[in-house]
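**Q** I'd like to ask you about the structure that follows.
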């Protein structure tokens, strides 16, 4: 993109365009413009300003044909008019006029059959760096013939001062115009808006092409056996998919087409609060030159204090995936052999591992369950159930059943085994029982991956009708059936019913969708 290309677009008097700059140029600009500081680890650390996380209430889709008939409108996918979009796009172009701009071209999707060409335009060097880290970097040849399928304009300091007149949530805006293949971001610096914005678009495009898009991590073994790990925040997805005996395909966003599984991204975006080099050596080793730290506290001597959460709990690092030693270079793999749903059940009633039928897999996928521990006024802590459809509802423009149906079809077609793994509590709920030990969970995962779990006999967990193995190598058989781990068996039965009711209540939202009653595969009271 040349300066006169911007002129035609309505972005006037651009001082200079940095078109796909290399890491060294970005590093120099970040320091020169005082956007960040160099740390003793070699990575630059930046602050994302007042927004240290996403702004989901400020995300909108332009409501217009033909996309309006596909989008699941509601609190997550909020509608906005074409007129308001046009007005804010004009403001965005005015705002970017007269500035030095960075244009970053990249791909979302490692599969040649499914990838999309993405362009990001921003005035901020570290945001360009973030895009270079997180998406798939084109070759020189690909850049020569690059034609974007979608362009995202970031105006981080632009506020919409007419938001009340427009009937919007705040002066921040993240708006997707599917028909024009454009998105605009205004008023927030947070890098995750760019990452998850493109993820939302992949979650729109791919299912309409009959391909499944997924919020999961993926790895591959020596026998080319692929495993997918789904789970909400705090369930152990990152930790459990980092396996010394397997190569990482990706840590967060994947597609599944007729050729197999592929990463959407070319990088990782890892949480670093409390990062311990002994517990997570891969992530720690990846934090070096070209990695980009967000919202960490840096001491005067340039050392990073990973324990300090004074800016936010959501401290992060982005880095190109080749910073991880054991990654699969083409970011792809064959159809998965195993799918693992991770739930941190703080009620302490789900088994450490259970095998799911296809119908149960669709049910638990649509439920997207975990339980968080929340503090109450009197200092009593009790679990709070969290349900997020498909383990990533915030990023799904289409109705969750669209993704569940595709998952069911693919499980059937490729004979995939699906398991539910509880990384939460055993022996009682939070406060009475204890957290499932990491070695026990790893042993369950290993038994799934090496196939030995299929040799076990199974018993049935009542109400939930889950198949529980009676033997898993490396796991104390006494903990495999959760009821056995509770001293008060009646209290366990009551808690199991309580959780079943929460599942049933959550699932009422799906009544009357499609021609299949998914609820039959869930708990029955």
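From the backbone N, Cα and C atoms, a Cβ is placed for every residue, glycine too.
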**Q** Figure out which of 54, 442, 483, 494 sits with 190, 196, 316 in the substrate site per Swiss-Prot.
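**A** Checking 54, 442, 483, 494 against Swiss-Prot: the substrate site match is 54.
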**Q** Among 166, 215, 335, 414, which residue does Swiss-Prot name as a further ATP binder in the site formed by 196, 231, 232, 233, 234, 235, 236, 237, 238, 239, 280, 316, 441?
**A** 215
**Q** I'm trying to understand the geometry here, so how far is the Cα atom of residue 54 (substrate binding site) from the Cα atom of residue 233 (ATP binding site), in Å to the nearest whole number?
**A** 14
**Q** I'd like the number of other C-beta atoms within 10 A of the C-beta of residue 252 (Mn(2+) binding site), please.
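**A** Other Cβ atoms found within 10 Å: 24.
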**Q** List, in sequence order, the residues of the same chain other than 196, 215, 252 whose Cβ lies within 8 Å of the centroid of the Cβ atoms of the recorded Mn(2+) site.
**A** 195, 199, 253, 392, 395
**Q** If one measures from the C-alpha of residue 252 (Mn(2+) binding site) to the C-alpha of residue 190 (substrate binding site), what distance in angstrom results, rounded to a whole number?
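**A** Cα of residue 252 (Mn(2+) binding site) to Cα of residue 190 (substrate binding site) measures 18 Å after rounding.
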**Q** Given the recorded substrate site (54, 190, 196, 316), which additional residues of the same chain have their Cβ within 8 Å of the Cβ centre, ordered by sequence?
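**A** Apart from 54, 190, 196, 316, the close residues are 53, 191, 192, 193, 195, 314.
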**Q** Specify the count of other C-beta atoms within 10 Å of the C-beta of residue 190 (substrate binding site).
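**A** Its Cβ shell of radius 10 Å holds 26 other Cβ atoms.
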